Amino acid sequence: MGSADRPALRSPSLPPPPPSPPSPLLLLLPLLPLWLGLMGPGAAADGSEPATGEGRGGARSVRVDVKLPRQDALVLEGVRIGPEDGPEPLLGGRLLLMDVVDAEQEIPVDGWIAVAYVGKEQVAQFHQENQGSSQKAYPKALVQQMRRALFLGASALLLLILNHSVVRELDVSQLLLRPVIVLHYSSNVTKLLEALLQRTQATAEISSGESLSANIEWKLTLWTTCGLSKDGYGGWQDLVCLGGAQAQEQKPLQQLWNAILLVAMLLCTGLVVQAQRQASRQNQQEPGGQEDLFKRRVVRRLASLKTRRCRLSRAAHSLPEPGTETCAVCLDYFCNKQWLRVLPCKHEFHRDCVDPWLMLQQTCPLCKFNVLGNHYSDD
């Protein structure tokens, strides 16, 4: 097939543009689970450690009305830890301080409430025992009082902790079926303690308030002693095991939230890895990116240049006449019906000869006119 029968040069399809660089926001996605963890369920509003929601029972605010002989009634506030299922039983009865009570003479037959006390001396001893120890210990006096209250059949346990700094370091148990009330420190707590130390007969009624289980952290801690809880003098009720290790059971909502955070972290990690791979591939293609862009510009320019078919007289079909124009690239004569490329400088060449030249040089072979711009080359 001769050059005259070749089809006209078509603009080649442009290669796809390089992929856009990854958004910088993708690099911030791994911080999303951390932000969700701080804003989600269990986050502490005061900057302290978030609540873990451990233990089977919920925490509810309570009001304790204490009646003392020949004195005004004392109103105390605190937190009750107990089972959330079903209506809560009404708590009330005589208050007995376990540190000074005589079990054989003062334990009443009807329901009564045990009072456990941790004073400044016990707290100081507690901190001294914990210094240099990697394993957490608890105030021995409080543990002994709680054990004694369980075995003597107390219907509830009232904790008087004058120094509440120990509450953050002490795991407070809901003691199975026996609710625990932790009182907030106030002047009335001091008055109640003074009355109980003087063996003044006091009674209390406990009424519940709204749920605080989402804001307060409580942990279920068991000890290593088992026995039967006594329900007055008439018999034995409930097997109580104070034993072993700390049970850590999270609420279903907290477990679901942890699963959501885990999935979000995995998705964010995958997106970051994909963005890094895409950026790596783009960096590998970067050295040739400018060259490809320049070639596409030259191809578009060639497609816009004029072409024409060579028309010779019949006499010049057989032998070229003297003075017939030639292609300055291949030095061959122009033949009839050949495709010629007409440059902006009006010079003509064989299209198949000058196009490869222009792809490399971008200038007219005769006058050095730059086909990409309206100026002449300095070469």
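Residue 1 is the first one shown; counting continues down the chain.
Placement of Cβ uses the backbone N, Cα and C atoms for every residue, glycine included.
The stretch that Swiss-Prot tags with region 'Disordered', taken from the ranges 1-21, 127-147, is 1-21. The candidates are ASN163, ASN188; Swiss-Prot tags ASN188 with the feature N-linked glycosylation site. Around ASN188 (N-linked glycosylation site), the C-beta neighbours below 8 angstroms that are at least 6 residues distant in the chain are VAL66, LEU74, VAL75, LEU76. For the topological domain 'Cytoplasmic' (1-24), the model gives a mean pLDDT of 47. For the recorded site, ASN188 (N-linked glycosylation site), the DSSP three-state label reads helix.
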